[in-house]
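As recorded in TrEMBL, the features of this protein are as follows:
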type	residues	note
DOMAIN	7-119	domain 'Peptidase C39'
TRANSMEM	141-159	transmembrane segment
TRANSMEM	165-188	transmembrane segment
TRANSMEM	221-243	transmembrane segment
TRANSMEM	249-267	transmembrane segment
TRANSMEM	279-299	transmembrane segment
TRANSMEM	311-329	transmembrane segment
Amino acid sequence: MDKNIVQVLLGLLKALKISVTRKSVIEEVANHPDSPSISTISDLFDKWQIPNGAYQLTVEDLVEFPIPFIAHLNINNGEFALITAIEKDYIVASNERWENHKIYIDKFKEIFSGTALLAQREDNSGEIDYKSKRAEQRLDSLRLPALILAIIFVVMLALKNGTLLFPSFIILLILKIVGIFVSILLLIQHFDVKNPFIRSLCKTGRKVDCNMILSSKQSKLFGLISWAELGFFYFTSTWLFLISDVNQSSFSILAVVTMVTLPYTFYSIYFQAFIAKKWCVLCCIIQIVFWLELLVTISEVSFKNEIPITSIIRLSLYFFLVITSWLFIKPLLISAQQFPLIKSQLFHTKYNPVYFWALLEKQNKVSLLEQKQALIIGNAESEYTVTMAANINCTPCADAHKILEEWCMEKDSFKLQIVFVTSDSIKDSRKNVAAHLMALYRNDRDTMRHALNDWYNRMDKNYETWSLQFPVEIMNEDFKAVEIQNSWSQLAKIEFTPTLFINGSKVPPNFKVQELKYFI
């Protein structure tokens, strides 16, 4: 389902010409606690400054609905489609299965759930750091070409010995590369059964089932190591040996090693044909490569020449190098393959509202200050009060304040209460700024908001200059409110800033301020 919502999101972003990288879409969808759902799409659009709204409509209403939009369909346990055109008799939809697919109106009425999401592009829509993420994505896409160039470079090293003038060398080199490539595909299948590329190569049918063959007990030697791994060891090691030095004695040892592998080909074909009664296309390609290698090496073998012991040692070293490298890399690959699933499960657990509120109930609770004793931003009658214990000179506090204030302006579900952490010292300059803000709060709350934002954005943090820009008469009650806030901070045992509370319960430190939007 994640693939469905990712593809539809990418399609709409492209249609609206909004700059968001594919990698970001995939990560955000995977990390969203309600994924996949209409709220997932809406939350991501909010993050990327894309105005959006979900509507309940009939198919007849869609005729006047702006194109393109996302429709929710009652098929495959619920999926999404990007609607790009609506004609008299049909609509045009796209997702991971369809590309500009025509669905007749009568059929669409059967599958349309009635929910449609509309989004619009604005000048500031898109990822804030799109350029850097786009550059990072391009670098990632260069990995495979870089690997291919590296292989070509290694092969060209053989030019110094004139080996490329040797026709059998070229043929055998191609066979080795084919063997390595197919072995890697088999390893990918071993680690990622649902890999779409491998599944497209080995489409399961009446006679073909790669997954069945590769997951069987017979696919492992002594039940420990897979034949796919052994094939990778063989082709990679002999390829390294081949490009290092080629002569008739080298072909002789390669011919011997290839002969050792041939009994496996009989076993593999017998197992697929008579026991499993299913075929693995990739496995069969490997068997063909083995026999072609034998034909090529035999054609160049001179049994009169002895095989130098140095060649045997060198080939053995290549096998040792490849096997030990794989034993080191394999656990990392397993961890990398499992990490997205584990991460997704952790995110869904962490962002589960029931879990969050239960965790919050276990925290020590403190009484909230009265409205005149602290700064309040947002709807004073909101159900939730988010209290931020902040240091007036704290950069992380400034970042948290910016996020929370923007949310306050967008939604009425909570109000933001700001409590300034100072000290008992009369020389603490932070008290002057805090008292100044309290005075502004008494007189004009909009001016107070601008003054606070201006202070947080300042580099110099010079009170005299700043106070002249936002003049106000400071009363004793303002300093008294600051003292009350400091006492409250000590009572609440504030150890670092910003520290957040929801309705008086401390938010655990493993929750970031950006994550609170999922709960309030």
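Glycine too: its Cβ is placed from the backbone N, Cα and C atoms.
Unlike curated records, TrEMBL annotations are generated automatically.
Touching of the transmembrane segment (279-299) and the transmembrane segment (249-267) is concluded from the presence of at least three CB pairs under 8 A, sequence neighbours closer than 6 excluded. Looking at 165-188, 221-243, 311-329, the range that has the most CB pairs within less than 8 A of the transmembrane segment (249-267) turns out to be 221-243. For the domain 'Peptidase C39' (7-119), the DSSP counts in helix, strand and coil order read 41 helix, 35 strand, 37 coil. Below 8 angstroms of C-beta separation, residues 154-155, 157-158, 163, 169, 172-173, 176-177, 179-180, 182-184, 186-187, 189-190, 214, 250, 254, 257, 261, 264, 268, 283, 286, 311, 314-315, 318-319, 321-323, 326 of the same chain, each at least six residues beyond the ends of the transmembrane segment (221-243), sit close to that stretch.
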